[in-house]
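Shown next, in structure tokens, is the structure this report addresses.
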């Protein structure tokens with residue numbers, strides 16, 4: 001008589017606790033790879049002494065032993081240290097208590113577990129059920145291992161966090177609910193992988209490669225945006241969000257992921273960089289890859305891999321929306337923690353992943369992983385997308401001015417303003433942790449310039465040399481005789497007049513006459529110009545080493561119609577001394593929304 005299966009006890013509570021998955025909603029068996037889990041099987045009768053038991057664990061639509069998506073392994077007195085294994089812990093009557101071990105490099109995902117029994121000349125195949133296998137940052141043999149307990153708790157188990165936004169002059173924070181343990185989220189995260197272009201093109205290979213966090217991270221960076229596939233979020237920087245939600249109205253990933261699933265996997269409208277990063281952070285932590293959200297202030301968008309960003313002004317000081325390069329007030333991406341076996345052990349640790357659709361990589365809007373250490377060392381010829389990410393934190397800002405005769409003139413190069421206050425939430429608190437030194441050597445140091453030149457040399461075979469090479473431009477520049485800066489005078493609130501002061505200083509011992517052309521534009525945070533709202537021109541005389549103040553007043557009526565949800569205005573002053581290069585002074589300001597006060601009067 002063939003053996004039957006009466007019941008399976010997955011020992012959910014004890015297994016979940018041992019595998020640090022007890023916080024996930026539901027009653028599924030969720031285990032981490034490379035770590036034993038326990039199962040108790042009640043058979044219809046006892047197993048004979050000559051009986052032989054084997055197990056089959058399989059994942060994906062086309063399980064294959066050669067692809068490591070299927071494993072057949074016997075019940076024995078011990079478990080394998082390298083592959084799948086099953087150990088008989090104890091047996092009593094018809095109950096078998098078994099320990100099962102997966103390899104530390106097994107593909108993650110949903111598995112089916114079956115048991116085959118050969119006893120007394122008959123064979124039985126018993127379907128035991130399913131379990132989900134996750135990455136294991138608690139296990140040294142796993143490529144996502146993170147040894148520091150406090151960091152592991154923050155970057156894997158923390159389900160809420162802080163994302164930094166704003167500008168270098170005013171860094172603010174928003175709360176974000178990652179919610180990786182909430183109902184349905186794990187299944188949705190697995191669906192993100194199953195909707196990728198890679199899975200649709202070659203599901204067998206895609207599932208097999210899910211053993212590698214490097215591969216999984218890159219796929220997720222493509223899937224969180226909806227540009228090429230059935231991705232999660234549709235980006236929108238236009239300021240008009242008809243048919244969707246203003247990105248600023250999201251406060252977490254759970255609602256986004258559930259809406260994506262409910263819609264039949266159509267991109268959710270709309271997101272911007274912090275929304276993409278917050279959602280990617282949820283999926284990474286859910287699958288067991290340690291991750292954090294990073295904000296880079298004054299983030300360069302270099303489209304032609306020459307490590308410079310070109311900005312243009314007309315003779316009257318108006319910024320010109322010319323060219324594809326830009327500098328974002330801030331940009332948000334992710335770091336994920338894992339081994340880089342393709343680069344060597346020196347480059348293990350934090351890797352940049354960016355789900356915001358900015359530039360195509362291998363034909364798809366995806367970005368990373370890029371080793372943070374490799375970025376710091378200027379290894380822009382390494383995988384993946386290193387030139388773009390290196391430029392985001394290191395590009396030189398080249399200023400060009402169109403003269404009144406239409407000629408284009410190089411004005412200045414700024415080697416210091418890009419890549420400021422690179423920030424993430426601190427471990428165990430909501431304070432800001434600055435990680436700029438992880439991405440680059442101190443600005444102005446010899447090491448920083450050496451790394452920049454190293455990166456530039458590596459890109460020479462593919463770059464188009466123009467007069468935008470910052471190193472050559474720096475040698476041509478003359479020291480200006482004046483300096484300028486904008487400072488805030490009074491509160492900055494929507495509905496109020498904007499009051500600034502332009503400070504002009506003569507740096508020489510000669511009297512200088514300065515013509516100043518000023519403009520103010522409403523903008524969005526990625527640097528896109530919206531509308532000119534104010535302009536003025538003045539001529540000032542400065543005595544030797546004198547500093548003067550010139551008031552700038554922008555009425556609410558001037559900017560009211562054109563202010564976008566970012567509440568941002570860019571003020572620019574192009575300062576001209578005869579026969580000298582212009583000095584460009586610029587500042588972006590952010591206006592507060594007015595506070596609402598409710599007064600409750602007694603009856």
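Cβ coordinates come from backbone N, Cα and C, glycine included.
In the domain 'Transglutaminase-like' (265-357), the DSSP tally of helix, strand and coil residues is 18 helix, 41 strand, 34 coil. Annotated domain 'Transglutaminase-like' per TrEMBL: 265-357, in sequence order.
For residue 273 (active site), the same-chain residues 6+ apart in sequence whose C-beta sits under 8 angstroms from its C-beta are 328, 330, 331, 332, 333, 356, 526. Marked as active site by TrEMBL: 273 (among others).
Residue environment of residue 331 (active site) contains 26 other Cβ atoms, counted within 10 Å of its Cβ in all protein chains. The annotation active site is assigned in TrEMBL to 331 (among others).
Residue density at residue 354 (active site): 30 other Cβ atoms are found within 10 A of its Cβ, drawing on all protein chains shown. The active site annotation in TrEMBL covers 354 (among others).
Residue 396 (Ca(2+) binding site) is surrounded by 26 other CB atoms, counting those within 10 A of its CB over all protein chains shown. When secondary structure is read from DSSP and collapsed to three states, residue 396 (Ca(2+) binding site) falls in the strand class. Taken from TrEMBL, the feature Ca(2+) binding site applies to 394, 396, 443, 448.
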To test your reading of the Ca(2+) site: which residues beyond 394, 396, 443, 448, same chain only, put their Cβ within 8 Å of the Cβ centroid of those residues?
395, 415, 416, 418, 419, 440, 449, 452
Using other CB atoms within 10 angstroms as the count, which residue among the binding-site residues 443, 448 scores least?
443
Reduced DSSP assignment, residue 448 (Ca(2+) binding site):
helix
Are there residues of the same chain, six or more positions away from residue 394 (Ca(2+) binding site), whose CB falls under 8 angstroms from its CB, and which are they?
300, 307, 418, 419, 440, 451, 452, 455
Looking only at the domain 'Transglutaminase-like' (265-357), what is the mean pLDDT?
95
Whole-number Å only: compute the distance from the Cα of residue 354 (active site) to the Cα of residue 448 (Ca(2+) binding site).
24
